[in-house]
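Quick look at what TrEMBL lists:
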type     : residues  : note
TRANSMEM : B:42-59   : transmembrane segment
TRANSMEM : B:79-98   : transmembrane segment
TRANSMEM : B:110-133 : transmembrane segment
TRANSMEM : B:154-176 : transmembrane segment
TRANSMEM : B:182-200 : transmembrane segment
TRANSMEM : B:229-252 : transmembrane segment
TRANSMEM : B:264-285 : transmembrane segment
TRANSMEM : B:297-320 : transmembrane segment
């Protein structure tokens with residue numbers, strides 16, 4: 001989207017922040033706090049719910065940057081689907097009320113190292129790429145659906161398509177894994193338990209894309 | 001100063017609609033269900049045909065003790081009704097009622113996405129309630145809610161995308177501005193899928209396996225009493241209003257109709273009311289779907305239909321442009 005923003009960072013002072021900038025920082029701090037609680041809390045379901053706060057905070061940040069479309073898609077996909085899937089998985093397996101001290105893994109230092117490295121790399125790349133760009137919040141909306149769509153499907157079509165191929169591969173992989181599992185552990189059992197419901201979103205999705213095939217299988 | 005007054009008035013009108021319309025739907029359900037089953041329904045409260053029955057119910061709920069089970073996760077248990085109810089209040093902001101500038105709470109650039117995203121958040125309330133109650137029936141209800149949401153969110157999104165394709169915009173007032181009468185037959189399959197999937201997301205009969213009272217004792221809401229339980233019920237009826245309003249706006253042309261300039265808002269309300277009647281009608285006429293039937297219906301029937309609708313929309317759009 002960099003073509004839509006002005007290359008005028010030099011003229012802006014960081015010492016006299018506007019209201020939006022202050023709000024952006026405050027929401028950012030809250031989001032970071034929620035994210036830290038997500039990975040440190042001992043209560044599994046609370047972690048998932050704190051994740052909702054963190055992801056919602058990110059959506060608010062997008063809104064403050066006038067990217068309304070991205071913000072709502074963030075809520076729709078992450079809060080509405082990913083967290084629901086997470087909660088579903090937790091409830092299906094084990095979701096005790098109260099602390100679960102055995103949920104801690106011995107890989108904590110490794111996870112911390114990976115997290116810090118990933119965060120460092122991302123911050124470095126973003127700062128390096130966008131240091132000199134500046135969004136003029138007053139001069140109309142620059143993250144509207146029309147602008148986002150245009151830049152996504154004109155300038156960034158290739159990464160977009162590559163991502164969809166990646167997702168398709170993941171989908172196919174999920175089907176292959178669940179099919180193999182279904183054959184040796186008995187189909188009837190899989191059909192009667194609630195596990196069937198858990199697998200159906202991934203397992204039957206592509207069938208739905210070719211309606212004829214889905215009906216044949218039934 | 002004028003702006004502040006304007007915003008305050010709009011919010012007040014929204015709040016009023018949010019408090020009144022669900023009660024109207026609820027009362028209609030009492031009476032319509034009763035007459036369809038050869039009964040009279042509530043007749044005493046308020047005098048005339050028991051019009052104040054739901055007000056009396058509200059007073060009753062407010063008097064009841066607010067119990068939190070000893071084993072429950074207290075804070076999440078208490079927070080859940082608010083999480084279930086508030087999203088529907090937010091959604092009302094974006095639904096345009098009439099053609100005039102002032103007939104929508106707030107014009108949003110990506111209205112469809114806002115509406116669908118926020119409605120999806122409401123289901124988190126049921127999940128939180130189901131888990132935090134520390135009750136196996138509640139947990140089962142929560143599980144069923146989550147499975148149902150994951151299955152029915154997709155057809156809803158796909159059919160809404162079909163309308164957005166037809167109109168060339170994702171803003172709700174923009175869609176209504178682009179509307180032509182022949183969109184109704186063109187998008188009718190998508191409309192039916194959207195409405196059905198919305199019913200499932202609201203957990204209304206025949207898609208009420210997550211709260212099946214005769215089976216898992218009201219699912220996620222088993223442990224709730226008093227006002228918090230009333231809030232969940234209010235969320236259900238507010239959800240009906242929101243779903244019918246959205247279907248009206250997206251598929252039935254909203255305020256379009258004869259002499260729409262002056263009476264546009266009346267058309268919106270009328271279409272919404274007819275759809276709400278259909279929701280009640282379905283509750284009386286259809287038995288509850290079993291859990292595997294629910295999933296099969298979503299994945300093998302609704303999703304192919306919505307994909308076919310998208311293909312049809314694309315073809316027609318290319319042909320006429």
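In case you wondered, yes, glycine gets a Cβ from its N, Cα and C as well.
What TrEMBL says about a protein is an automatic prediction, not a curated fact.
Under the criterion of 3 or more C-beta pairs below 8 Å, with sequence separation of 6 or more, the transmembrane segment (B:264-285) and the transmembrane segment (B:79-98) qualify as touching. Counting residues 6+ beyond its ends, the transmembrane segment (B:229-252) has Cβ neighbours under 8 Å at 18, 21-23, 25-26, 57-58, 61-62, 81-82, 84-85, 88-89, 91-92, 95-96, 112, 115, 119, 122, 125, 129, 160, 163, 172, 175-176, 183-184, 187-188, 190-191, 194-195, 198-199, 201-204, 221, 268, 271-273, 275-276, 279 in the same chain. Counting same-chain residues at least six beyond the ends of the transmembrane segment (B:154-176), those with a Cβ under 8 angstroms from any Cβ of the stretch are 94-96, 99, 104, 107-113, 115-116, 183, 186-187, 190-191, 193-194, 196-198, 201, 249-251, 253-256, 298, 302-303, 305-307, 309-310, 313-314, 316-317.
Residues 69, 72-73, 76-77, 79-88, 90-91, 94-95, 139-143, 145-146, 149, 153, 156-157, 160, 163-164, 170-175, 201, 203, 210, 219-224, 232, 235, 239, 242, 246, 250 of the same chain lie 6 or more positions beyond the ends of the transmembrane segment (B:110-133) yet place their CB under 8 Å from a CB of it.
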